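Q: The structure's right below; bear with me while I get my questions together.
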Amino acid sequence: MSQQDKKLTGVFGHPVSDRENSMTAGPRGPLLMQDIYFLEQMSQFDREVIPERRMHAKGSGAFGTFTVTKDITKYTNAKIFSEIGKQTEMFARFSTVAGERGAADAERDIRGFALKFYTEEGNWDLVGNNTPVFFFRDPKLFVSLNRAVKRDPRTNMRDAQNNWDFWTGLPEALHQVTILMSDRGIPKDLRHMHGFGSHTYSMYNDSGERVWVKFHFRTQQGIENLTDEEAAEIIATDRDSSQRDLFEAIEKGDYPKWTMYIQVMTEEQAKNHKDNPFDLTKVWYHDEYPLIEVGEFELNRNPDNYFMDVEQAAFAPTNIIPGLDFSPDKMLQGRLFSYGDAQRYRLGVNHWQIPVNQPKGVGIENICPFSRDGQMRVVDNNQGGGTHYYPNNHGKFDSQPEYKKPPFPTDGYGYEYNQRQDDDNYFEQPGKLFRLQSEDAKERIFTNTANAMEGVTDDVKRRHIRHCYKADPEYGKGVAKALGIDINSIDLETENDETYENFEK
C-alpha cells in the first residue's frame, strides 16, 4: 500500500474516526478522557524528543560506500582492507561541536567527522574531527571543555570569556586554537573539508606485528572556507547551510568523495620519537611519516528519515574490528568509556538494534551477544528461549580464539603522572603551523582571534598573546596588535611549565 492510500490509525492499529474534532460533552463542553486518540497523540508527542548529544549535537549524515584502492595487508589483516576493489557499506555523520541542535552550521567551530563501516567482522566506528589535534591530552578535562564552550550557568548565553579562560589555561591547546582561528576554522560546507581520526590507533597483521597508525581523509572536492564576514551573511539567511549543501548535492547525484590515508609508525620508531607519539595535541610530520593511500569513500544516499538514521546514529571507538586496535593515547582510552555510556543514556541499552547501528555486514541474525533483556529488546528475539549462561553443553557463546589480538605494549606503574613533567613542548608545532601560512592567512588569524576574543578580559588576552609569542614572535606581535595591546607590556619570559595557578593576574 502506498503512503498516499494509508488511513489513520493509532499506534496499536485502531482506526481513528475523527482526527480534527475531540470527543466532548456537548458541542462546546469539556473534553472526555475517553478520547483515546487525543490522549495517545499528546502523550507520544510529550516524549518524542530524546536527549541531545552533550557535544556534536547539530549533525548531518549520509550513507555511502568505501572502496579499497591500495594494498595495506602488510600492516593489517582486517578484512575490510583484504583486497583492492573491495567495497563496504558505510554511514557518515558530520557535526559542529559546541552548538545545540538548532545552532548555525557556519559558526567558527571544530567539525565532527564520524564514520561507521559495516564490515563482515562487525561495525567499525572511526570517531574523528576535521582537525588532526585537540585542545588537551588528558580526558579528565572533557567535562570542563563542555562547560567552557556551552552556555554560561548564570546568563544561559555562550560566553567568549569562558572559552578563552579555559583554552589559555592549557598551553597545549594553542595548536588546536591556531587551527580554529585560521581559515579552516569555518569550512564553507561539509564536502569541502578534510577529516582525521586524530587519535593514534594500531594495526596488526597475520604475524602479530603491530604498528601505530593515524587516519586521514582528504576531500576530493578541495578545501573551501568562509571568512567571518561571509559566515555572518550565511547565518543571517540560512542556519542549516552545510546540511542543505550536503543533502542537495547527494540528491542531485553530485556525490562527495574523500581519500583515506594512513600514517604508519613502528613500535621501535615510537620508542625513539621526539615527542609522545600518543599525544593528541601533536601531529606526526608528513616528511617523517608520509601519507599512505588506502582507499576512498563516496557518500551517495541521503537518509529517508533524519531522526531514524542521523539523530539515532551512535558512534563509539570501542566498535573496532580484528586487525585494528587501540593505543596508549589517554584521550582515546577515555573515549572508550564515555561514548558508549553516553549512547546508553541517550538511546537506551539496546541502541545497537536501531537500524543505522545494526551490524549489517555480519547480519543481525548471525550475532550472538551474551546480553539479554533491557528496554526495547526487539530485533533478535532476545536470543529466544535458548541457553543464556556459559559454560554450557550446547556450544553456545564459545569464544573465537583465532581473533585474539597480539600483546598490547604498556610501560610503568599505575600512578597519576604529571603530564607537564613528561612533556612541556607546547609551542613548537603551533609555531611551525603559523609559519606555513601565507602573509594574508596570518593576518586573518590575527583578525579572527581579535573577533573571537571580543569581550574577553585583558588578563586572558595577555595569556594568549604570551603563548602565541612563544610559538613564534611574529604570531604574538600580530595577535597583540589586533587586540590593541602593547606587546612590551606583557611578561613574555614566563616558564614553560606554567599552570593555571601560575598565570599572571
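Glycine is no exception: its Cβ is also placed from the backbone N, Cα and C atoms.
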Q: In Swiss-Prot, which of 1-25, 376-400, 401-425 is tagged region 'Disordered'?
A: 1-25
Q: Are there any residues in the same chain, six or more apart in sequence, whose C-beta is under 8 angstroms from the C-beta of N129 (active site), and if so which?
A: V97, I110, R111, G112, F113, G195, F196, S198
Q: Tell me the coarse DSSP state (helix, strand, coil) of Y339 (heme binding site).
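A: SS state of Y339 (heme binding site) = helix.
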Q: Using a 10 angstroms cut-off on Cβ to Cβ distances, just flag whichever of H56, Y339 is the loneliest among these recorded positions.
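A: The recorded positions H56, Y339 were compared, and Y339 has the fewest Cβ atoms within 10 Å.
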Q: H56 (active site) to Y339 (heme binding site): how many Å between their Cα atoms?
A: 12
